[in-house]
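Here is what Swiss-Prot records for this protein:
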type	residues	note
BINDING	Cys57, Cys62, Cys68, Ser298	[4Fe-4S] cluster 1 binding site
DOMAIN	69-287	domain 'Radical SAM core'
BINDING	Cys83, Cys87, Cys90	[4Fe-4S] cluster 2 binding site
Amino acid sequence: MTQQAKEPKFIKNGIYRKDAVPVRDKKPEWLKVTIPTGQVYGEVRKIVKEHRLHTVCEEAMCPNIGECWSRGTATFMLMGHICTRACRFCAVDTGNPMGKLDLEEPAHVAESVRLMGLKYVVLTSVDRDDLPDGGAYHFAKTVTAIKRENPGTRVEALTPDFGGNPHCVDLVLESGVDVYAQNLETVRRLTHPVRDIRASYERTLGVLKHAKQSRPDVITKTSIMLGLGETREELREAMLDCRAHGVDVITFGQYLRPTMHHLPVERYVSPAEFDEIREEGLSLGFLEVVAGPLVRSSYKAEQIVMDKPGNLPEHLAHLEGKEQLSLI
């Protein structure tokens with residue numbers, strides 16, 4: 001009698017339904033988005049489905065999916081749809097993937113990039129604590145495949161923390177990435193109410209510091225959500241911590257509750273306050289600060305071109321004039 005292979009079990013949207021907080025907030029006007037439509041949107045969706053790919057746009061219920069897909073851009077989410085962690089802000093499924101990997105994924109992603117004609121690609125992934133290297137080799141292999149099939153295409157890697165293992169970080173850095181990102185997500189005080197207990201404020205900063213020290217020529221980047229109960233003083237502390245750890249670019253966006261079973265929104269931050277935060281960040285020396293209600297780590301990643309000749313720091317001077325090299 002043939003024994004059937006066990007299928008991974010997971011929790012849909014990453015949160016048990018018993019954790020529901022029955023609060024329905026009316027979103028302000030500035031957070032309203034259009035319904036996804038259009039020929040380009042349909043073509044991107046078709047390519048993603050045909051190549052059995054996952055995108056963070058879909059899995060994380062991103063509000064910008066219509067705008068980004070209609071522009072022919074997407075953020076690819078590697079290593080499946082099941083994350084081994086359960087952050088309380090995130091809609092990605094959580095569970096045990098049982099070591100399963102699609103070994104054809106790097107080639108499929110590279111081909112999709114070619115079919116879409118992308119000049120700038122953002123790669124992210126679920127956490128894979130079930131794998132000895134956290135998926136670092138698979139991540140690096142995907143970057144290499146993209147670069148091989150799409151010469152001139154720039155790649156941003158938004159990685160897991162790999163348990164803080166510097167050798168795993170180096171695997172990705174040595175694959176040819178142009179931007180290395182790891183998200184802080186929130187301020188120090190709120191880290192464990194917001195992120196999985198295995199995540200760490202200090203570890204994320206350590207990963208970013210190691211990335212900058214190992215590859216000074218690679219742009220380092222992080223992202224923080226607002227509206228979870230943080231204060232402006234705590235935000236400034238987080239920005240100072242990022243600068244002290246060599247972070248070049250930081251983004252700020254409004255936290256939006258993906259389901260009723262996730263953390264509630266404490267407040268909606270106005271566009272004017274986002275503008276103030278951007279100016280404060282620039283005054284602290286960031287190469288770029290992107291802040292706005294609908295800003296996400298990879299939002300409009302391909303459109304913010306480095307057009308600051310003569311103003312780049314020495315360690316990034318080689319990037320001047322590079323077409324379509326984005327800061328976020």
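Here the Cβ of each residue, glycine as well, is placed from N, Cα and C on the backbone.
For the binding-site residues shown (Cys87, Cys90), fewest C-beta neighbours within 10 angstroms: Cys87. When other Cβ atoms within 10 Å of the Cβ of Cys83 ([4Fe-4S] cluster 2 binding site) are tallied across all protein chains shown, the result is 26.
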